Structure formats: C-alpha cells, structure tokens
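K.L.:
Structure below; questions to follow.
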Amino acid sequence: MASPHPNGPRPARLTAGSIGLYAFLVVAALFFLLPLYTMVVTSLKTMDEIRLGQIFALPATLDFSAWATAWSGACMGTVCVGIRAGFWNSVAITVPSVALSVFIGAINGYALSLWRPRGSSLLFGLLMAGGLIPYQIFLYPMVRAMANINLYNSVPGIVLVHVIFGLPLVTLLFRNYFVSVPEELCKAARVDGAGFWRIFFEIMLPMAVPMVVVVSMLQFTGIWNDFLLGLVFAGRDNLPMTVQLNNIVNTTMGERTYNVNMAATILTALVPLAIYFLSGRWFVRGIAAGAVKG
Amino acid sequence: MQSAVSVKDLKIAYGDHTVIEKLSIDIAPREFLVLLGPSGCGKSTLLNAIAGLQDITSGEVWISGKNVTWEEPKDRGIGMVFQSYALYPRMTVRKNLSFGLRVAGLPKAEIEARIGRTAALLQLDKLLDRRPAELSGGQRQRVAIGRALVRQVDVFLFDEPLSNLDAKLRNELRVEIKKLHQSLGNTMIYVTHDQVEALTLADRIAIMKDGVIQQLASPSEIYHRPASLFVAGFIGAPAMNFIEGSIELKDDGPAFVSKGLNVDLAGYAFQAPPRGGPATLGFRPEHIALDGAAKGLPTLIGRVSVVEPMGADAVVWFDWADRSLSLRVMGDVALQPNEDIAPGLDIAKASLFGADGLRL
C-alpha cells in the first residue's frame, strides 16, 4: 500500500498497544471501585440477604432502613443513638480546627517568608520534621499539658491539639508559597505606606486564595479522618464520627449488622469525599499556583 | 541651592561583605540622575537605601532638606517604580493606583481626582477596571509609573523599569518617561544597566562599579571625556578601541608611541602637564576617519576583517598589529573583507589613560 501524502492534521491511529492500555485502565478502575460497590450494595440489603454470602450480588429490593439505623439508631455498647451525634461532634471539632490552623499557618508562613535569618534552612528542616514525627510520641506529654490547662476532654482542647499538630505543615506550605511572591511587591506596598498586617490581608492573602483552598482541604480531610487524637483528647461527650463508627462496628453484642456498619462507614467518609468532588478544580489550580509566579 | 536628594557618607554592609563604602552624592531639584553600572555594582542597593527599603550601616539620607535616614519609605516623599512592575495582582488598576492613597486615609473625592488626572496623563482611562494579568507589559509598567505619580511627591525612583520590556516598547516608554520628566519637573533617580537609557534620559549619569561612583557627569562628558578606563570601556557600543603604548616627551612635544604608531599629542587636552610613561590610548569607532590620510591625520594601516551594516551606519572591524579595531562609517560606504585601509585618528577626540587607569 502506498503511504498517503501527509497533509493537514495527523490521523488518529488506534493500535493494539493503546487498546491494551485503555483496557488495563478500565480494569484497574473497576478493581479499585469494587470495595465501594460492595459497601453500597451491602448497605442496601436486609440481613437475611447478606447471610446468603453473595457479596457482589445486587439487592433484591432497595432497603434504606440500614441507613436510617446507622444515622440515628445504631448501638455503641448499650447506647443506641446512631452516628448522628458523632457527625455533629466532628463538625464542631473540624470546622474551628481547620479555620484556626489555616489562618495562623498563613500568618506564620507570611512572617517566615519575610524573615530569613542565618540557619533558616535548618529551622525549616526542623519544622518539616515536626510535621513528620508520629503523633503517638506526643500523646502522653500532651495529655498532661492539656490536663494542666484544664482543656483535657473538651472541644476547645481537641481543637487546640489539631491546630498545634496541623501548624508545621500548613506553615511550611504557606511559607513556600509566599517566598515565591516577588520581593518587590512587598517593597511597593511599603512605599505605599502599608504595614505588616495590611500587606498580609490586602495583598498576600487575596493572592493565596488557591493555596488557602488546598491547605483547607488537606486539613479538613486530615482532621475529619483523625481517630487517635479524637479518641484521646475529645472526651466522652465529644467523640468524633470516626471514633463512634469504630464503636458501632466493634460492638460485640448480638449479631453483626453488616448493612448498618456499611451505611455508617459510607456516611462517615461522605464529607471528605464530597469536598474533593466539589473542589477538585480548586485543588488542581492551587497546586499549579505553587509553581507559577505572579 | 538646596539639593532634592542628598546621600552623605553612606555605608552598606552585610556582615563582612561591604556593598557600598562611604558614598556621597547630591542631586539637584528637577534633575534626572541615572545610576549606571554592571550588575552587582550596588546601584539598586543605593536606590533602595534612598527609598528606605534597605537597612544602612552608617551615613545619612536627606530628601527635600529633611534628614529621612530613620523615616519609613512612605514618609520620605518618594514614589518608586520597580523592574517587575510589582502591581498588586488581585486588585484592579484603579485599586492599584489608589492603594497608597487609601492607606494614607485621603478623602474619596481627592483620590478620585488624582486617579483621573494620572490616568489621563498616562492614557490609562480605559484600563482602570482591569486586573494586571489582563494588561500587556507596557501597560503594566505605565500603571506602575501611575502608582508613583498619584502620590504627588517630589522624588521618583526608578529601579530598571524598562528591563522586562521588549526593545520596541522600551524605546516608546523611554520617550514617555522623558516627556513626563519635562512636563512634571520632578527629581528623578533612575537605575539601569542600559547605557542607551542612561545617555538619552539623564541630566547627569553616575557610573558605579563595586559600590563606588567612578564618574558623575553629563552624558556628553561621560561619552567624550571618560574619567577612567572602566568608564571608557563601559560606555559606547561598539566599545572604545584601546591601544597600549607609552607617552614619550620629545623636543617638539609629547607623543604616544606603540608598535610603529607615533601620534603627536599636540592636539590632546591633558588634564595635567604630560609626563612620560606607559599609557593607553582610547578612541571611539566614529573618531577614526576612513579618509584620515587625506586630512593629514596619523594613520593606522590595516586590513578589513568584518563589516557589520546597521542601516544608517556600518561598523568595520579591521586588524591592526594583531588586534581588532572598530571603525564607524556611513551606511552607504562599500567595503569588502580583506580590503586594505588606512584610516586616520582624530587625537583631539581621543582619550589617554595612565597606568593607574585614570584619564591623563
């Protein structure tokens, strides 16, 4: 066959290789969706149906009662009020923790981006290390410290703990973002008469909106999904959703209600999931903003 | 007469590294002073020190008769334009212009009036509601200039304002800045590494090297009578030609001697009575004439190596005594490589430098 004379756009070609590649991607996507599928399907079945042991089968009838039970009737030990209380506890813990840690971290990052003393790279190394050290090491001293300032077992206490543990990473992210802002911008604002706070609120923070969104999402998912700190510092009345979920799933009395467990798990994971779906666009923009100046 | 800006014994050092050592300069009201020098010579540091954006080690800065050494930038009565424009990215042009005025707490009507005047002056009227990202480079720099203008101050500082623009825009904006200076009559201090900007804009140029002012004089003086070898080599494109040799005091007056060249220095205006010794002769490409022999000038016999036509004129490179010298001719002169020429040197317009690099 004579090869055609090249002219205009190059024709798209479907080769065996590209078909194989797409086939692999589809299979991989299905494989990773399998647990979610199983959870959703199981949560919609009755216990009788679950006992048949066909975990991939679709439910015979759609039964939402497990969801209702998970939300407002599932038992933790002897208390049967569902995961609803945990949801509102998680909101009460996560929202102020995210807001405070992002706000303080942004101020810290801004201040540190202006302040470059000798050995500052060592300082940022330590800061980074602070973000990497396992929480477990801090637990005991932290419990003692919180007890000393009468914040142990309280919402302000757990919020403070989350803010403290969130700050190293948030500070570092903001500092690296603000360092990439041209120095002359600050100088221009100083000639215009703006001080530290006015430059921060009117110039730096508006520029950093994509960064604020990304960091807020990171903090939100991190704090919402936290189990250990919530269990240790929140106190019995303020246990977050993750801890209550664990209590529901691990209740050993009677039969294991798999449909309720699945529904409760999905409910707990729903909030971070929704945030990623709704703000994925911002997330990409924020990550890109770190690389592009101006 | 009181100077607009005056720097006295300024020293700036970071630890052991001294950027500027004891620098003093007086700038007259309405003067356009250009600080010119290679990168790292301390010119931007000096400008930032005048603006109050740079901590100084010792010395004083006076602006409009007031010692502002310890004042904040906003209290110094200056406006500043930066190389990267430094516009506030999330604000419209209008907000960018009014930011400093809002910080100062000026009444709304006054702010509006000033923005109106500035926008008209710089043709920014149609751009007021745009963001900096929606402007071209030239428009951004005009906004940056406008932001300095609305402050209605006596002294404007420019830190390489045209370096980020392409050649055509640079020429246009250069003319605009010159017009602006002529119509406003403010004192302007302008930092650049571009000698064309310096020569075209300045009333006086301060050429800096290693934190020291090498020469402070009018563009013409700097071009025609450079004070040192450094200044002579830095200003001018193509660069000044240099020939090493020595000055010999003969019965009929001093002469410059080098490799068969013997130039009578009777026409040269010495700074001080001439003495014999090693010296460097410098002359610009346009001060050596192709038809020099006919005029009875001392000639440099050589062979053309390269001809660079530039439209209006052309630069001819020729080899003389194993060094390459340049010669500027009119654009319509037809010369070919390997042609032998005997151009003549106009000693009255040449420069002589002693062994210490200073003008003789």
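Yeah, the Cβs are placed from backbone N, Cα and C, and that goes for glycine too.
TrEMBL annotations: computationally assigned, not manually curated.
As listed in TrEMBL for this protein:
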TRANSMEM  A:20-44  transmembrane segment
TRANSMEM  A:64-87  transmembrane segment
DOMAIN    A:87-279  domain 'ABC transmembrane type-1'
TRANSMEM  A:93-115  transmembrane segment
TRANSMEM  A:122-143  transmembrane segment
TRANSMEM  A:155-178  transmembrane segment
TRANSMEM  A:199-220  transmembrane segment
TRANSMEM  A:260-278  transmembrane segment
K.L.:
Do the transmembrane segment (A:64-87) and the transmembrane segment (A:20-44) share at least 3 Cβ pairs closer than 8 Å, excluding pairs fewer than 6 residues apart in sequence?
P.N.:
yes
K.L.:
Would you kindly check A:20-44, A:155-178, A:199-220, A:260-278 and say which stretch has the most C-beta pairs under 8 angstroms to the transmembrane segment (A:122-143)?
P.N.:
A:155-178
K.L.:
Which bits of the chain, at least 6 residues beyond where the transmembrane segment (A:260-278) starts or stops, bring a Cβ under 8 A of a Cβ in it?
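P.N.:
Residues packing against the transmembrane segment (A:260-278) from afar: 39-40, 42-43, 66-67, 69-71, 74, 82-83, 86-87, 90, 217, 220-221, 224-225, 241-242, 245, 248-249.
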